[in-house]
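**Q** What follows is a single structure, and I will ask about it in a moment.
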There are 2 protein chains.
Amino acid sequence: MTTEQQYNVAVVGATGAVGVKMLETLEQKNFPIKELLLLSSKRSAGKQVEFKGNTYTVHEATPESFEGVDIALFSAGGSVSKKLAPEAVKRGAVVVDNTSAYRMDPEVPLVVPEVNEGDIQQHNGIIANPNCSTIQMVAALKPVQEQFGLTRVIVSTYQAVSGAGNEAVDELRNQAKSFLEGEEMQADLLPVSGEKKHYPIAFNALPQIDVFQENGYTFEEMKMINETKKIMHDEAIQVAATCVRLPFFTSHAESVYVEVNNGGVTAEQLKEAIKRADGIVLEDDPENQVYPTPLEAAGKSDVFVGRIRKDLDNEKGFHLWVVSDNLLKGAAWNSVQIAESLIKNNWLSK
Amino acid sequence: MTTEQQYNVAVVGATGAVGVKMLETLEQKNFPIKELLLLSSKRSAGKQVEFKGNTYTVHEATPESFEGVDIALFSAGGSVSKKLAPEAVKRGAVVVDNTSAYRMDPEVPLVVPEVNEGDIQQHNGIIANPNCSTIQMVAALKPVQEQFGLTRVIVSTYQAVSGAGNEAVDELRNQAKSFLEGEEMQADLLPVSGEKKHYPIAFNALPQIDVFQENGYTFEEMKMINETKKIMHDEAIQVAATCVRLPFFTSHAESVYVEVNNGGVTAEQLKEAIKRADGIVLEDDPENQVYPTPLEAAGKSDVFVGRIRKDLDNEKGFHLWVVSDNLLKGAAWNSVQIAESLIKNNWLSK
């Protein structure tokens, strides 16, 4: 950031898995903060959090909390956003919301800056941060769409437990420990907190992320389908998704199959396009066993892409393997990028 | 088995991950064994193995070992099969080979009994057992092909470490232990024994199973592509595959996307077809969170299918989630089924 101006920033959900990464990212990117306000539910209020060497007390988020706030980064669950984001906007803040509350609202831009930064400008006080699994995929698909036309996406995900919060991280750790000690695994949370049934995630795979919809798809799958079309500005792209939770802590991986519009495209051309794209790192050298993995991507802001191959039976089909830290590019970093863009482009005030 | 006759059976690779399951399966299915001969590499010769309460000594496999053997079940690696299967055949045995050595040989039937049992009859002494990831997929696809026509398959796999042998199982266990104790993970084997680079599999995902081919696909992916067409007797089926190793011990899971030939097919019709198929168990009740998982499928012979959904954007597209024990239906049980079919149909002698 080159601006001299500084801003009052509120982080709502400051003690959650994403909130913690939000603060790390704000610090690391040296975001121009005048005053930092850490907010949470009543339950977490009173906790102490470090930021740039100072200790901050977390306060309970109320409508009045947002007086004087310029930018509010929300990641405290959809119901908190539904209730408090309009209150923040009413008091003059611009909200970057990292829940599903407003993503499909036609009045709310849904933004991955590398893909549709310009949409931010249309905001009415709220900009939605897409679902983690969507963000990394559309970032990788953008150069494909731009250069070759994108008609179809079929994705199967490999998603980390941190996407379900800190308690899910603890659950995987505890279950793995129990299993290795020959004890029974205790399953109280995954696949979905609050659901009737829970299954062990350690040394297992659960084909359910978020609750089931009436059409047999999970909400996570529907997010990928609907958000992709909205972000990429093309309702005609066919998107099919299967989302699976797996026993690793950080980074989602995705096996993405795409069909392009143009014939005669080579895997080399696709690699070249991916390589030149913003925010994407091409890691694709089979001969030297170079490809992205969740462990390697953890802690990094970029989206990593490898295993790019042309379908052997279909002239327009290609495979990509897309990996990114679900808490960074999938959440905190993308939100901070949106906030940076608001400032850089003078889009804060309407 | 209703036959009165008994057979001399050799198990080659009796101490390996699959060999052990082969013996368990022969015992459990009460296979009509007259004499049981346990064979292995020189390294494992001399080991003692239990079968039906008796102790057997494992002998080094040599050409002469197969004198008097009726049925030889091979799973000691491709090079052993290449060398010794013809020697066994020369001595009058029928070989069921669980390596990739003969699978794509046009003279050798490649068989999943629920799909193409009749092919066994064409054998010239060797019948090949397909790759584990292929077997469970084609078993699930057979009723789809039969009733609705199958034009296209796009699969992303979630594969257990036991597919890489007992050492890989130990490696996952040791790495997980190290990680939980805050120690560095030691990676000496996966993704592929003998490759230049090794990566941790615990709390990770590795998009490499078997070695890379010149076209950028792994050998595992090429097996799924080529074997599927051969087993299903249709070179025109488009098959695209991405194979991924994951940190669980047993059972492969597969996110399988298919396109059918007929229009107007419903997900309910597909479920009905799957439900009626041999060797398949439909576990598909989203409302009650019923779907197959690797942990639940482990130790069972069947192929479990769930998460059946119609593509929301494509009239002919469907999703399936297919899970099966990679050492049982994916290896040992399928081999024993072939052996049972040889006997039942009088196809042992030509």
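Cβ atoms are placed via backbone N, Cα and C, with glycine included.
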**Q** From the candidates B:Asn326, B:Asn334, B:Asn345, give the one listed by TrEMBL for the same NADP(+) site as B:Thr15, B:Gly16, B:Ala17, B:Val18, B:Arg43, B:Ser44, B:Ser162, B:Gly163.
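**A** Site partner of B:Thr15, B:Gly16, B:Ala17, B:Val18, B:Arg43, B:Ser44, B:Ser162, B:Gly163 for NADP(+), according to TrEMBL: B:Asn326.
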**Q** Just to be sure I understand the packing, how many Cβ atoms besides its own are within 10 Å of the Cβ of B:His252 (active site, proton acceptor)?
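**A** Excluding its own Cβ, B:His252 (active site, proton acceptor) sees 30 Cβ atoms within 10 Å.
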**Q** From the Cα of B:Arg103 (phosphate binding site) across to the Cα of B:Arg245 (substrate binding site), what is the distance in angstrom?
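**A** Cα to Cα, B:Arg245 (substrate binding site) and B:Arg103 (phosphate binding site) are separated by 22 Å.
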**Q** Under a criterion of Cβ-Cβ distance under 8 Å and sequence separation of at least 6, what residues of the same chain contact B:Gln159 (substrate binding site)?
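**A** Listed in sequence order, they are B:Cys132, B:Ser133, B:Ile209, B:Cys243, B:Val244, B:Arg245, B:Leu246, B:His252, B:Ala253, B:Asn326.
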**Q** Of all the binding-site residues here, B:Arg103, B:Arg245, which one's CB has the most other CB atoms within 10 A?
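**A** Its Cβ has the most other Cβ atoms within 10 Å: B:Arg245.
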**Q** In which DSSP state, out of helix, strand and coil, do we find B:Arg103 (phosphate binding site)?
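**A** Looking at the DSSP assignment, B:Arg103 (phosphate binding site) belongs to neither helix nor strand, so coil.
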**Q** When DSSP states are folded down to helix, strand and coil, where does B:Gln159 (substrate binding site) land?
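**A** SS state of B:Gln159 (substrate binding site) = strand.
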